[in-house]
Every structure is written in structure tokens, then in C-alpha cells.
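Trainee: I have a structure I would like to understand better, so I am pasting it below and will then ask my questions one at a time.
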Amino acid sequence: MSTEVSATRRRGKEGLTANGSSEDLFDGLKKEENRNQEEQEIPPSEDKRETYSDSAPVEQPSMLASLNPRWRNWWIRGMFSLVMIGGFSVIVYLGPFALILLIQCIQIKCYHEIISIGHKKYEKYNLPWFRSLSWYFLGCANFFFYGESITDYFNGNPDPQVDDASEEVVKTYITYHRLISYSLYLIGFILFVLNLKKEHYKVQFSLFGWTHVTLLIVVTQSHLIMQTLFEGLIWFFLPVSMVICNDIFAYIFGFFFGRTPLIKLSPKKTWEGFIGGGVTTVIYGWLISYFMCQYQYFICPVVFSGSITDFKTTCQPSSLYKLTAFTIPAPVKYLLGFGGLTQDEVWLYPMQFHSIVLSLFSSLIAPFGGFFASGFKRAFKVKDFGDTIPGHGGLVDRFDCQFLMATFVYVYHSTFIRAPQPHKVLQQVLSLKPEHQLNIYKELKSSLLRRGIL
């Protein structure tokens, strides 16, 4: 080893007189000496271990990794779609309380994904308390909306299983929850004002608006979903599953037959997928509503019984969920005659006709919630709202259409379906003082006598 170094030094000295510099020479000598020292210091065992590591066989790619990206995405989306549908079916089977927990978890995660985009965009400003105040306002909004639900469904619960102490707590909460909700919001509002920075006024107010718009989109919709859920599980499951059905079959038809772009905001969406998903959703809604109308579990209003986790889903079905004979229109009867069908009437559930309206909305209008979300992502240069679901993105990417659908179902049900419910009227009467209840009884009795009912 010393002989090689000496030879190198001699060559270096000869080269120095020709065209080199002394600094380059000594740097080269120093590097070579260090390399020789490292080779001497490596133990034989470590050297062998490195050799073995380099020659280890490379792991073979999985079956999905060997597919082209288009089909790989197809299988990943398909597998996780089946998992989500299975999990959703189990939660529906577990009942209203499990569904409420599911709605709440989805709400929190969707809120987190939207707020995180704003936080990342303005993270460089190091704004104080932005994320903390965003979560605080979410808590305030939920406190208010859940209080409204409790007012509707717990007020004066006539079930004898409710003890006096619990009833008193509920009554106190009902009486003061709006005042408490407003006070909590004021605290957050004051904290926001106190944390304003002169150099960041515009950004801070932008994020304040960002937070409130997110609350309006996410929390309000989840509240409306729960309101329709209490009217009967069919008003929750039917529209939610319609959006899921439309999303799945629009993707399938678009994957295999898609040729014509639908909208520039979503280049992958096609007219073939849009039409195929719409037709399939109408058929699905007609069939699944026929099935659900046969079970009280789906059609009866949800009534609390004894505790927050105990619900009743039994009732006397309304005419909406009873088989009714409908006369077949003459043009339809004429067409059916070519198939040998000569019947004059058909037995159907009236709810099936409402399902057509819901399915048309979920196919024609609800997808614009997805287009809106696509425009939002393009504006902030993000591919997905998150990576919660492999192959699908974040939860907002899956539930963007549900937001529009939730509002429509609530408005539609309130306008055309909802009627005064006796158990809610009784709840309100029983929440009054005894003397007021007695006055109502006397007035009701006299009214019934005058009309000859008694």
C-alpha cells in the first residue's frame, strides 16, 4: 500500500512541474489516502453483508402493479367500493343510532379535509389560532344543530321509562341551548377579533369566511340528513343509495363506453356515463323503494324511547307505504297489449312515484355537486381533497353529490310529504304545566262534542 502511495506522489510531483497546481495535487493525494484507510478499516464480516444485500433478489411486483394504470384504478376503486357498501349495509342494520354516529364521523372528516386545504394555502403566514378556531366553530355549530334535534324529538317525551332526573336535564337543555349556542359563538368571534394582525387582515378574514362557508356546506347538510332520517329510514337510505348507484354506474358506463366529454371541469366525465348512470338509477330507485315499503323498519318515523340509544321504528303505515291499485293509462295499456298483457290496473306503492323524482334529481342535478368540487380543486391546484379511501381520494370526493341531495330531500319531504305527527303533538302537550294540559283537554273535548265525534 505504501509503495502505491509513493508512486502516486512521484507522478504527482512530475505532473506539477508540467501543468498542475499544488492544491490539486495535495487534494488528490489526501482523497486517495482516505480511501485506502477506509478499505483497511472495513471488517470482512461487514463487507460480506454488503455484498449479500446487493445481490438479494428484487421483490416481484403484485398483480395490480403489473396492470396498466387505467385497469389498476378500476380494480382498486371496485374493491374499496364493495368494502364501503358492505360496511354501510351493516351500519344500516345496526339502526338509527349507528347511522347518527356515521353521519357525525363523515361530517368531521369532510370538514377537516376542506379546512386543511385552506390551512396549507395560507400556512406561510403563520396565522395564530386559525385551526383551533375552525374546530371551535365546528363544535359550536354542532352544539346548536343537535340542540334543535333534541328540541324536536326529546321535548316532553311521554315514554314512562324516562326517569324524572333525565327529563329535567333534557328540559333544561331545551330551554337554554340557543342562548348557550349563541354565547359560545360570541366567544369564538371575540377571540378571532383579538387575534387580528395588521399585516394579515385580508388573509384572516378570508379564512374566517372559508370556515363559515364550510360550516354551511358540511354541518347544515348533515343536520338536514338527520332530520329526514327521523322521518323514516327510507328517506335516508333511498336518496343516499341512489347517489351511490348513480356514481358507480356512471363510472362503469363511462369506463367501457365513454367517448363524448360531458363538462370541461371534469374531463373524465362522459355523456355515455351520465346517461347510463341516470337510467340505471331510475330503475334501481323504483325497485328498491318497492322492497323497502314492505318493512316497518324503513318506513316508520324514528322515535326515541327511554334513552338516546333506544329507538322505536314501529307504527301504523301511512297510505304512502300501502299497496294501491292504479289504473293503467290507455297509451301504456295499448303498448302492453303487444306483449299480451291486457290488465287494466296495477298494484304499486305510492312511494315508488316519489322515488322517480328522487332518482331523477340524483342523476341530473346532484352530479353538479361533484362538478362544483372539481372546480374547487382546480382553483387550489389539488388532485383530491384527501387520501382517506384508496382509489377514491378523500371523503369529500365521495360525498360531494350528497350535499345537494340532502337539501333537496329535506325540502321535498317538507313540501309534499310531511304531515303533523300525533306523537310530536303529544310531546309538546306533555311538556306543558298540568293546568295548561287540563285546559287543552277541556277545549279538545268540547270541540269533539260540537263536531259529533264524541
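Start at 1 and count along the chain as shown; that gives each residue its number.
Backbone N, Cα and C define each Cβ position, glycine as well.
For 27-38, the entry in TrEMBL reads compositional bias 'Basic and acidic residues'. Taken from TrEMBL, the feature region 'Disordered' covers 1-57. What TrEMBL records for 74-106, 127-146, 179-196, 208-226, 232-258, 270-288, 353-373 is transmembrane segment.
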Trainee: Using Cβ atoms and a strict cutoff of less than 8 Å, what residues sit near the transmembrane segment (208-226) while being 6 or more residues removed from its termini?
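Mentor: Cβ under 8 Å, 6 or more out: 100, 103-104, 106-107, 110-111, 114-115, 118, 133-134, 137-138, 141-142, 145, 148-149, 192, 236, 240, 402-403, 406-407, 409-410.
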Trainee: Sequence gap of 6 or more, Cβ distance under 8 Å, 3 or more pairs: do the transmembrane segment (74-106) and the transmembrane segment (232-258) meet that?
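Mentor: These two stretches do touch.
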Trainee: Return yes if the transmembrane segment (179-196) and the transmembrane segment (232-258) have at least 3 CB pairs under 8 Å (sequence gap of 6 or more), otherwise no.
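Mentor: The answer is no, given that the two segments have fewer than 3 Cβ pairs within the 8 Å cut-off.
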Trainee: Same-chain Cβ contacts of the transmembrane segment (127-146) under 8 Å, 6 or more residues past its ends?
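Mentor: Same-chain contacts beyond the ends: 104, 107-108, 111, 115, 119, 177-178, 180-181, 184-185, 188, 191-192, 195, 197, 200, 203-204, 207, 211-212, 215, 219-220, 223.
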